[in-house]
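Listed in TrEMBL:
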type     : residues : note
DOMAIN   : 7-143    : domain 'EamA'
TRANSMEM : 9-26     : transmembrane segment
TRANSMEM : 38-59    : transmembrane segment
TRANSMEM : 71-92    : transmembrane segment
TRANSMEM : 98-120   : transmembrane segment
TRANSMEM : 127-144  : transmembrane segment
TRANSMEM : 150-166  : transmembrane segment
TRANSMEM : 178-200  : transmembrane segment
TRANSMEM : 206-225  : transmembrane segment
TRANSMEM : 237-255  : transmembrane segment
TRANSMEM : 261-284  : transmembrane segment
Amino acid sequence: MNSKINPGILYGVAAYAMWGLLPIFLKLLKPLPAPDILAHRILWSLVLLVVLAIVFRHGAAVRRIVTTPRLMLALAATATLIAINWLCYIIAVNSGHIAQASLGYFINPLVNVLLGTLILRERLGRIEGVAVALAACGVAFLAYEQGGVPIIPLTLAFSFGAYGLIRKVTPVDALDGLLIETAILTPPSILWLALAGTSLAAGPPFALLPIAGVITAIPLMLFAAAAKRVRYSDLGLLQYLAPTLQLILAVAVFGEVLAPAQWAAFVLIWVSLAIYLAGATLAARRATAIA
């Protein structure tokens, strides 16, 4: 029996744990406007990634990407998607909507299943279909109760789902791809900071901004590495850790109060995830039995 753990699983667990605890750090930056935090996350991430690319001698690989229009187009798309995701998440955390952000990431595994089925032609079984439909009912119920589309959860779920999908089918290394993405986002970030008049004054929260590069780049690199090594629809199974940690932080640490409709939506989505997990487990057992 081969008991060796797939490295992709370990990369995924590490990435989602870091994302789950991210609100703690972002709360420390709250005095800064969300676009400023985003711009600094991008700039400090680029600094770290350039250093890593030099240390690990990725210069030739980066040049190959830059001179390949197809790859640059794909990374321009992923850069846009991840910028949208980051900005939405920062706004959610610092406006007291961490629970809504966690809802988005509870939905995301099922979005991964949906995208994997529609675009990558990964087979969607009957049980998985029921799970996706039930999650859609949870989102629809929340939209009905709120009198509008739950923008934060859906934006986070679909932007990150699309990001992971494109990165999975784009033949670039995790480090190289993220380096190019942050480089693409750097000019508008510098322009924003210049127009906003933001300075690197001493003292908090500015003293914490260099850390933003580490907590931004490392989990994304881990996620991209995981996406290359496990089935995309199965990648969603690892993601429950992040929203679980986020929800615990929202309620137990930051004192957010959820309305009954929000709890109902969470319950529907948790049930859908349980159904999906049961289906995946059953399929794995059948495959093992056949083997």
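Each Cβ is built from the backbone N, Cα and C atoms, and glycine gets one as well.
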Between the transmembrane segment (9-26) and the transmembrane segment (261-284), do 3 or more CB pairs sit under 8 angstroms, pairs being 6 or more residues apart?
no
Of the listed stretches 9-26, 71-92, 98-120, 178-200, 237-255, the one with the highest count of C-beta pairs below 8 angstroms to the transmembrane segment (38-59) is 178-200
Region pair the transmembrane segment (206-225) / the transmembrane segment (178-200), three or more CB pairs under 8 Å: yes
Counting Cβ pairs closer than 8 Å to the transmembrane segment (237-255), the top stretch among 9-26, 127-144, 178-200 is 9-26
